[in-house]
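Below is one structure, written out as structure tokens, with a few remarks after it.
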Amino acid sequence: MAKPEEVSVPIFTSLEPVYGEGSLLQEATQRFDVLKANFNDVFGASPQLFARSPGRVNLIGEHIDYEGYSVLPMAIRQDTIIAIRKCEDQKQLRIANVNDKYTMCTYPADPDQEIDLKNHKWGHYFICAYKGFHEYAKSKGVNLGSPVGLDVLVDGIVPTGSGLSSSAAFVCSATIAIMAVFGHNFEKKELAQLTCECERHIGTQSGGMDQAISIMAKTGFAELIDFNPVRATDVKLPDGGSFVIAHSLAESQKAVTAAKNYNNRVVECRLASIILGVKLGMEPKEAISKVKTLSDVEGLCVSFAGDRGSSDPLLAVKEYLKEEPYTAEEIEKILEEKLPSIVNNDPTSLAVLNAATHFKLHQRAAHVYSEARRVHGFKDTVNSNLSDEEKLKKLGDLMNESHYSCSVLYECSCPELEELVQVCKENGALGARLTGAGWGGCAVALVKEFDVTQFIPAVKEKYYKKRVEKGVVKKEDMELYLFASKPSSGAAIFNL
């Protein structure tokens, strides 16, 4: 039997296999009907097919996927649906949205076009998918013929800037729609890698978790996502618990603030890993050429710890990376090389170096190694012989530890998230933490199932009420920003 990551994206002729029954199916049916009608209105023809990909909430394992470590997310029911058709007679990509906030974007049907990153447009995410798919097809020897036009209509209900991977849901559904309309269907693990590469076209050094869970998710299961190679292991969460997702209402624009936030941490981790390599015996030139992530030097760190009767890589961090921030000059002295050269003059990394005044290497490495351990602690707890009650308590503790590390060591929180996490904990959550890139977006709270009906009104009262009064959010939109979620299904293609 094929492994889950080795099967291709399922193709359905009805909505039930993905959206189930009852109110969720009703809502989905209405969305698809409206999407089809709008497509006809905008483009004067019917779509050939639809593709969908969900957002996700990361339960634990923040900012470690790009360091080569496993993460533990689940898909949520909110998704992006794309209707698409090929237009042989025109050489344009016309990308429209059901939401009037996003005006139609038009691009040439040219897979080699450059994306104008200085002029940030929502349609750029589709072009990431378009370029990435063509590059991948070419590398596989797939002949797509000369470029043709595409008409595209997007309906996304994953809140943007929320830490729930609206961008990955868009890029994944776009890639799958393009793939399907050209008559292909790759394995899920190939798509996970391909879509991760796609998002790098927009200047985000994505680690791959968001794309992997969006494509590989299964109803009823969280997934332990491993990398190199990408694979997913089902994780059945204990009975009696529910995850509540709450938006801080501070939007995180990952692609816009990347040089000072997200990509900055990627570079700091790279520098920390190279210095650890050198301190643990590698020649500077060898470390610079071979070491890319903290997982690359974990073996050396564990050997160092082993000589001291431990297996914890944090011992090496404490010994060899000072807690005070490093200057560029200090790092260059240790590594005997200029920083731009160390990062291979990569434009994304150079933008980070230009914006940075210092580098907190000790704190970033300490977060990554401790968070990687918490992910496996989470999975081991789920699979243990503890009672469901004891499991839930332990999972909550791990989530609380994770948030502290994200906030204090990785500094990817913000005042709104700190307040929201505190409100969750004070009103019955077993554990709560920021989820996603941070610097805004959402928190996820683990709550006993029978407490959810009291928990949600309490959080509304303590966190959202004053924001409704100030006009930050409308009362009728609250269900978009605060909701309980069970693990939902992954990517799909529909011929309806």
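Every residue, even glycine, has its Cβ placed from backbone N, Cα and C.
From a predicted model like this one, the values you see are computed outputs, not experimental measurements.
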Further alpha-D-galactose ligand in Swiss-Prot, beside Arg56, Glu62, His63, Asp65, Tyr262, within candidate set Asp151, Asp210, Asp346: Asp210
For Arg56 (alpha-D-galactose binding site): DSSP state (helix, strand, coil): strand
Among Gly161, Gly163 [binding-site residues], residue with fewest other Cβ within 10 Å: Gly161
Ser166 (ATP binding site): nearby binding-site residues from Arg56, Glu62, His63, Asp65, Tyr262, Cα cut-off 10 Å: Arg56
Of the binding-site residues listed as Gly161, Gly163, Ser165, Ser252, the one whose CA lies nearest the CA of Glu62 (alpha-D-galactose binding site): Gly163
Recorded positions near Ser165 (ATP binding site) (Cα-Cα within 10 Å), from Arg56, His63, Asp65, Asp210, Tyr262: Arg56, Asp210
